[in-house]
Structure formats: C-alpha cells, structure tokens
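So that you can see what the record holds, here are the features copied from TrEMBL:
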| type | residues | note |
| --- | --- | --- |
| BINDING | 77-90, 290-302 | NAD(+) binding site |
| BINDING | Arg97, Arg107, Arg135, Asp226 | substrate binding site |
| BINDING | Asp226, Asp250, Asp254 | Mg(2+) binding site |
| DOMAIN | 5-361 | domain 'Isopropylmalate dehydrogenase-like' |
| SITE | Tyr142 | site 'Important for catalysis' |
| SITE | Lys193 | site 'Important for catalysis' |
Amino acid sequence: MASRKLLLLPGDGIGPEAMAEVRKIIAYFNADLGLDFELDEGLVGGSAYDAHGKAISEEDMGKALAADAVLFGAVGGPKWDSVAYDVRPEAGLLRLRKDMALFANLRPAICYPALAASSSLKPEVVEGLDILIVRELTGGVYFGEPKEIIDLGNSQKRGIDTQIYDTFEIERIAGVAFELARARGNKVTSMEKRNVMKSGVLWNEVVTATHKARYSDVQLDHMLADAGGMQLVRWPKQFDVIVTDNLFGDMLSDVAAMLTGSLGMLPSASLGAPDAKTGARKALYEPVHGSAPDISGKGIANPIAMIASLAMCLRYSFNLIAEADRLEAAISGVLDDGLRTADIWSQGSTKIGTTEMGDAILGKFKALSA
Ligand code: NAD
Ligand code: IPM
Ligand code: MN
C-alpha cells in the first residue's frame, strides 16, 4: 500500500478534544514508524451545520467515500437541539453509515484489569470481561419508512417510525457475528423481541438458518433483548459475541460500556462488505460515546475510546496487527500505572486530563516500540 488515506471528522463537543490525541499518535506513526498515513479533515455534525447548513457537506461526503478509512469523533449538542430534523448533527453520522453502506458495527466491551474497580458493578462481575456486540447499522427502525410525524387534527399528532429487516440484511450481519466468534470464544447470542415484533420473528429464523447452513460449529443461543439487557448486568461473562439489530445494539452497547468502567472506554468499528475484486471494505471508526456536552471544553474527557478506535482501524482497515496490539497494550499499561481521567478515577489512582492521557498512551506506545 503506497499511502493510507485517512479522513478525520472530529465533529462537536469532546469529539475534537479526543481527536487531537489521535492526531498526535498518527503524527508519530508517520514521523517515526514510516507508516505513511495521508490525513485529510472534514466537518460533520453541528460544526458542519454551522458552516454549510447541513450535517455533512457533499464535498466531505465524497472524501469519506474516497478514503481508506474514516475516524469519527462525536456529534451533537444543545446548541443544535432545535435545528430541523434532517440537518441535525446526528443526521451527518447516519448519512455516513448509510451512504458508505457500513452495515456491521463492532462494539467490543473489554474490562481492562486495572479498571475492575471503576465499574458500577462488583469487580468479580466484570474482571476479565471481553465481549463483542455486533450491531446491525444500516437497517431497522433507524432507516425504515414511513418515518414521520403526521397531524391528525384536534391537537393530536402521530409519530411514526418503521422497523424493517429483510432476509439479506439479517443473513449478512449474522455471518459477520459467526465469523468473528470463530476467531474468539466461538459463541454467538442473538437478541431480538420475537415475542412482540414480526421483524424479531424473521431475525430469529434467519440467524437460525444461517447458523445451520454455514456455522453449525459455533454455539448459538437466542435471547429476548430485554432479558439480554438484564443478563448483561447480571453476569456479562456468559457472553462472547452478541448479534442484534440497530436499536437494541445502540442501547445494549451503552449498557455494556458501563461494565468496562465508562462510556469513555468503548471504541467501535463500522464496516461495509468487502469489495469483490480487492477485498477492501469501507470503514468508519468511532467511539461509542457522544459529544458529552456536560464536560466538553474542560479538558477532562477520556480519549481512550477514540484511541482504541484508532487501534481497531489499524487492525481492520490496514492489517497493522502488531501496531494495533501495541496501542491497546499501551492503553492497558497506562491504566496499570494508575493514570485515570475523571470518569474512571478511583481512590488511589492519579487523576489526569485528556491531553495528559493522550501523551501517556503515546509515551507508552513509544516505549513498547523501542
Ligand atoms: P454522551 O455519550 O455524549 O454522554 C453521556 C455521559 O457520558 C455524559 O455524562 C458524559 O460526560 C459521559 N461521557 C461520554 N463520553 C465520555 C468520555 N469520553 N469521557 C468522559 N465522560 C464521557 O451521551 P448524551 O449526553 O446522551 O448525548 C450528547 C449528544 O451526543 C447528543 O446530541 C447525542 O445525540 C450525541 N451522541 C452522539 C454520538 C456520536 O456522535 N457517535 C453518540 C451518542 C450520542
Ligand atoms: C451511537 C449514537 C448514534 C446512534 C446517534 C448519535 C445517531 O447513539 O452511535 O451509539 O443512535 O446510533
Ligand atoms: Mn448510542
């Protein structure tokens, strides 16, 4: 690969603060490791709305489609609470996912050993936790039509969202989950609500059929999504890979985040299908958290979710496995050293800000590279 084209979309709130730490790490990759990342930047979310009146410009959308990978910060915030629905900050992220056809969202929840005490759950419940939520990302109620508010008269309105899943959408996300499970604990738990939703009935049928046809060597369990949420906080180590739809995946991954200590710890990868000729796949990497308006501008946001998203990018888009492993080891090492941003701070550890955390991880990465 001659050069590696990366588009950075920092976004709003703590997005740019976390992205600044990633930029430092990439600068080191280029200057000292000769990794040859070609960086470009664009606007997304509220910052794009302020500049162009929409949540992502056509030009930046074009750059995203042309890049080898996109690194995304976070979007949204109270400043844009009343802007029109179609141009609200979150619409920029949804457009990226849809137009780049990023149907597979991988959200690993790993409890780093040093953080077992930072979770709101008992340490023995989360110690050693390593689960992967595979969230379907381009279908379901996020995109189904009709999606509207209609006026019924007599001061009554009706809000409508539509949950739709077709066989091929369920089949391909199930395939991703089974493949990933084979490379780790070999177990998939599929979550839906077949007891009330027709799309849940189909989900269950298609996952079962996909398993039977191609993946019968992997253990498959089914769980109703509400019970799955309960099991995630009761005994999360029973899970290996969870596969679920767009909305349940959104909610369950925020729940899973707290098993790791903080929403500021969870990275994600959003992947498209491999190109038939080259095998390359479109990809966007982003933390699971949002723009955190309550802490933005204070220099206290945890950049680990963003930095761990860069590690996923190294692994999945560029096959830089050793570098990805080393970056994750650097994160773990800094936590072992007792350094913590405020969200994961606990008695006896040292509280540091966003920049210091980025510097500490880069310092550790350099030491591991020497
Ligand atoms: P949020 O994830 O922004 O924040 C939830 C809580 O977690 C807050 O208390 C916040 O301070 C804390 N938190 C989140 N990330 C943190 C980090 N890195 N370090 C320390 N603490 C962190 O969710 P919200 O408050 O419900 O949403 C705020 C805005 O973000 C909304 O506009 C929402 O739509 C948007 N949002 C965007 C994304 C995204 O861009 N991918 C994801 C979720 C929410
Ligand atoms: C996430 C976010 C997004 C989602 C929003 C910002 C559109 O919550 O990535 O988890 O709901 O998918
Ligand atoms: Mn979410």
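Glycine too: its Cβ is placed from the backbone N, Cα and C atoms.
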Subject >> Intrachain C-beta neighbours of Lys193 (site 'Important for catalysis'), sequence separation six or more, cut-off 8 angstroms >> reply: Gly200, Leu224, Ala225, Asp226, Phe248
Subject >> Cα separation, Arg107 (substrate binding site) to Ala292 (NAD(+) binding site) (Å, whole number) >> reply: 19
**OP:** Measure from the Cα of Tyr85 (NAD(+) binding site) to the Cα of every one of the recorded positions Arg107, Arg135, Tyr142, then give the nearest.
**Re:** Tyr142
Subject >> Site of maximum Cβ density within 10 Å, from binding-site residues Arg97, Arg107, Arg135 >> reply: Arg135
Subject >> Spatial neighbour of Asp250 (Mg(2+) binding site) that is closest, considering only the recorded positions Gly77, Pro89, Tyr142, Ser296 and their CA atoms >> reply: Tyr142
**OP:** Find, among the binding-site residues listed as Ala292, Ile300, the one whose Cβ has the highest number of other Cβ atoms within 10 Å in the structure shown.
**Re:** Ala292
Original post:
Within 10 Å of the Cβ of Asp254 (Mg(2+) binding site), how many other Cβ atoms can be counted across all chains shown?
Top reply: 15
Original post:
What is the Cβ neighbour count of Gly77 (NAD(+) binding site) at a 10 Å cut-off, with all protein chains included?
Top reply: 21
Original post:
Around the Mg(2+) site recorded as Asp226, Asp250, Asp254, what other same-chain residues have a C-beta within 8 angstroms of the site's C-beta center?
Top reply: Ala225, Gly229, Leu247, Phe248, Gly249, Met251, Leu252, Ser253, Val255
Original post:
Widest Cα span across the substrate binders Arg97, Arg107, Arg135, Asp226, in Å?
Top reply: 26
Subject >> Of the recorded positions listed as Pro89, Tyr142, Ile300, the one whose CA lies nearest the CA of Arg97 (substrate binding site) >> reply: Tyr142
